[in-house]
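Novice: What follows is a single structure, and I will ask about it in a moment.
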Amino acid sequence: MLARNNSLVTEFILAGLTDHPEFQQPLFFLFLVVYIVTMVGNLGLIILFGLNSHLHTPMYYFLFNLSFIDLCYSSVFTPKMLMNFVSKKNIISYVGCMTQLFFFLFFVISECYMLTSMAYDRYVAICNPLLYKVTMSHQVCSMLTFAAYIMGLAGATAHTGCMLRLTFCSANIINHYLCDILPLLQLSCTSTYVNEVVVLIVVGINIMVPSCTILISYVFIVTSILHIKSTQGRSKAFSTCSSHVIALSLFFGSAAFMYIKYSSGSMEQGKVSSVFYTNVVPMLNPLIYSLRNKDVKVALRKALIKIQRRNIF
């Protein structure tokens, strides 16, 4: 528990998304539905990709890992977030908070680079189709995936390590629904200069490098699509490409906006914008990247038919 003045904080209180009592119950059911849809969608795709050998290709390999990341990082904070809507005081221990911070950052940063790998995969498939099998070999895909997780581990370790060196004295109310970097820095009673420099460097790298790489990849992809002679083929490619760009913009845009708003002191706007990359995007990813795909639809239809036949007999 929190002791008196000049003593160290051993637990935090998560303020949650809103302090308006009339919104608590509706928001609980809303985010519960979002979480269930996220879990079912991503877990379903993981099982589908694992059981269907014809989906063991580079594109679906990255989608498998994306679903795994979304499944994990939604589960890192959502249970605590839901508790905040139904309990008067949502308490998390110091150790629990640092653990949540580490795994949240690990999965979020890993997702940034997994999305980058997926954009590169689409670039090679559309712009250099004849070299696709050679360029996107199993070894290359494994290296890109491993690199994504390594970047996630490095970023999470840097931020959490710097956070552990701080001292938290009297203030223990985190103005957020999860343990995140900037809300925690505001509570420290010691200098946060080193942490702020690390945030500037690490967050800058993990947002700018993936977003610029993805942007360049999609510029080349759009250029190639414009050379497609078939109007139907061109419109279909643009439809797929635009949905991907919207999902990516939501993820990177809301993450960048949240850090900008928290840095400028607009905490409430920062919390609301964070909902998009923490809750909305993991729910939409299966629909945008997988369930609109013809091969996935066929595999899903076959799986549902098998389940129906088993139930009949």
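From the backbone N, Cα and C atoms, a Cβ is placed for every residue, glycine too.
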Novice: In Swiss-Prot, one of 271-291, 292-312 is tagged transmembrane segment. Which stretch would that be?
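Specialist: Checked against Swiss-Prot: transmembrane segment maps to 271-291.
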Novice: The transmembrane segment (140-160) vs the transmembrane segment (55-75): three or more C-beta pairs under 8 Å (separation of 6 or more)?
Specialist: yes
Novice: Going by DSSP, how much of the topological domain 'Extracellular' (76-99) is helix, how much is strand and how much is coil, in residues?
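Specialist: Across the topological domain 'Extracellular' (76-99), the residues distribute as 17 helix, 4 strand, 3 coil.
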Novice: For the transmembrane segment (198-217), name the stretch out of 26-46, 55-75, 100-120, 238-258 with the most CB-CB pairs under 8 Å.
Specialist: 100-120
Novice: Counting all other Cβ atoms within 10 Å across every protein chain shown, which of the disulfide-bonded residues C97, C189 scores highest?
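Specialist: Highest number of other Cβ atoms within 10 Å: C97.
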